[in-house]
Amino acid sequence: MSTDRTVLLRGCTVRPWSRKRAVRIWTLPSIYIFSPVFVFRDMDGAPIEDGFPAVKLFNQGYSYTYDDVIFHPGYIDFPADAVQLGTKLSRNVHLSIPCVASPMDTVTESAMAVAMATVGGVGIIHSNNSIAEQAALVRSAKSRRVPFVSDPVVKSAFDSVDSVSDFGSAPYVLVTESGTAKSKMLGVVLRSDWEKLSDKGVRVREYMVISPESVPASYDFEQVAGYLAAKKLSFVPLVRDDEVVDVVTTADVERIRGFPKLGMPSLDAKGEFLVGAAIGTRESDKERLEHLVKAGANVIVLDSSQGNSLYQIEMIKYAKKMFPEVDVIGGNVVTIRQAQNLIQAGVDGLRVGMGSGSICTTQEVCAVGRGQATAVYKVSSIAERSGVPVIADGGISNSGHIVKALTLGASTVMMGSFLAGSSEAPGAYENKNGLKIKKYRGMGSLEAMTKGSDARYLGDTAKLKIAQGVVGAVADKGSVLKFIPYTMQAVKQGFQDLGVSSLQSAHDLLRSELRLEVRTGAAQVEGGIHGLVSHEKKYF
């Protein structure tokens, strides 16, 4: 091998661009290849480009989405389990995994927020409701330390259980002084006891079990599970200040034990789950902001489809002045100029995406937006100079899209359809043609707008409502507690293939040695499942 580390390889000359960290990847007699970057030249000395740096690929005037681009693999010298996915949601809010549940009324309420915090992410509770309702959802999520929300049925001692449907899906009905969860607990009615009654209309005080065992709501899942086992109980209520927060059964414990091992949860300084909440940019949202902060929201997301507006800039400044301890995330943006305006206003995070969601029609209706891969790369390029984390919002259909979003500069990904249909998403399951489904709708759909989401599109004062989203349905996906850990393992494997062991390493690679290419339509087909008579796709 020559002293300048130039070798002849099958008719090509290989010259490293950088001589730092030269690594021998593999050897043949007298042949060495050095990592991480090469310049390949033909016999006449003309360069052969092996992929393109991101700065070149994204400055050609094309709007690319995730499926349009593909990364070149790197060098692997660590196991997938060594990959660390810890990241920042905003300047001061840290997460164990880069996952955020979207503030949509068919995606994130208290159950989703609790589940996402349990696995190390965060949920942003939607604002398509009254101020009191949204604040109650935040308080509900903040009051829990177990990985689910069961919403038990509650009656007073003077009520009666009229039918088996009064039990819902639970084997019990809780009895409190006022008949609501916000009062002292008196006892419990077991379904098995009710079924034995000859007179089903008798008041529950006549046969309820008095003063059942209870534990503080501050108990985490392992403490509750241990208490149930030690006392040999089938269930136990969780109580905070004489208020029934939830109930945990042995069946719940067994179900959670069947899921992948829970990692590090997202907790605040008080040891409570991290919970975010969305607000708009209207004057009335200042009152909403105050109530949400009092309810315990750890981060506020300004929910606008086009965030580069006077209204949002003024709201950012107001929120940072009134509540400087609470991080404010602005957006949505897709260009550098939009991002700069919000950064200058003092935003702590940026939400990137316009028209890329599966139920969003903004690009079709309004002819504005950007391909999501290009948007994430462009915005993150300017945001990282100011230390502002970027949330890639929309277009996430699989783990590969998550890898691409994060590698292109995002610190987290926000998911809507990816989480809709899970057992933690709001709404009841329906059966359609033998398929178990849940409703999923865009916040720009006419149906959502009738509840107030038209303010998100600055259309709440318009006489004519124009939809920028649709109503649809997604198939049952099971629990977030199960499929998010599997998804994160797939993301780790993607990072391993790139040769990076953390999000920061991925961002460093993007600005230096990462090589990408654009995929043709045929290449995209080839990269997926093809050529089979039939198949069943299972990721875990």
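Backbone N, Cα and C atoms are what each Cβ position is placed from, and that goes for glycine too.
It should be emphasised that the depicted structure is a prediction, and the values quoted were computed from it without experimental measurement.
Annotated features, as they stand in TrEMBL:
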- C360: active site, thioimidate intermediate (ACT_SITE)
- R456: active site, proton acceptor (ACT_SITE)
- D303, S304, S305, G353, M354, G355: NAD(+) binding site (BINDING)
- G355, G357, C360: K(+) binding site (BINDING)
- S358, D393, G394, G395, G416, S417, Y440, R441, G442, M443, G444, Q468: IMP binding site (BINDING)
- 64-530: domain 'IMP dehydrogenase/GMP reductase' (DOMAIN)
Using only the residues recorded as binding NAD(+) (D303, S304, S305, G353, M354, G355), report the maximum Cα-Cα distance in Å, whole number please.
14
Quick one: Cα separation, S304 (NAD(+) binding site) versus G416 (IMP binding site), in Å?
15
Spatially speaking, which of the recorded positions D303, G353, M354, C360 is closest to Y440 (IMP binding site)? Use C-alpha to C-alpha, please.
C360
Anything within 10 Å of G394 (IMP binding site)? Look among the binding-site residues D303, S305, G355, comparing CA atoms, and list what you find.
G355
Between the residue listed as 'active site, thioimidate intermediate' and G416 (IMP binding site), what C-alpha distance do you get in Å?
11
Among all protein chains shown, how many Cβ atoms are found within 10 Å of the Cβ of D303 (NAD(+) binding site), not counting that one?
29
Let's check the environment of S304 (NAD(+) binding site): how many other CB atoms sit within 10 Å of its CB?
24
Could you give the Cα-Cα distance between D303 (NAD(+) binding site) and G416 (IMP binding site), in whole Å?
14
If you draw a 10 Å sphere around the Cβ of G394 (IMP binding site), how many other Cβ atoms fall inside it, taking every protein chain shown into account?
30
Near Y440 (IMP binding site), how many other Cβ atoms are within 10 Å of its Cβ?
23
What whole-number Å value do you get for the CA-CA distance of S305 (NAD(+) binding site) and G416 (IMP binding site)?
14
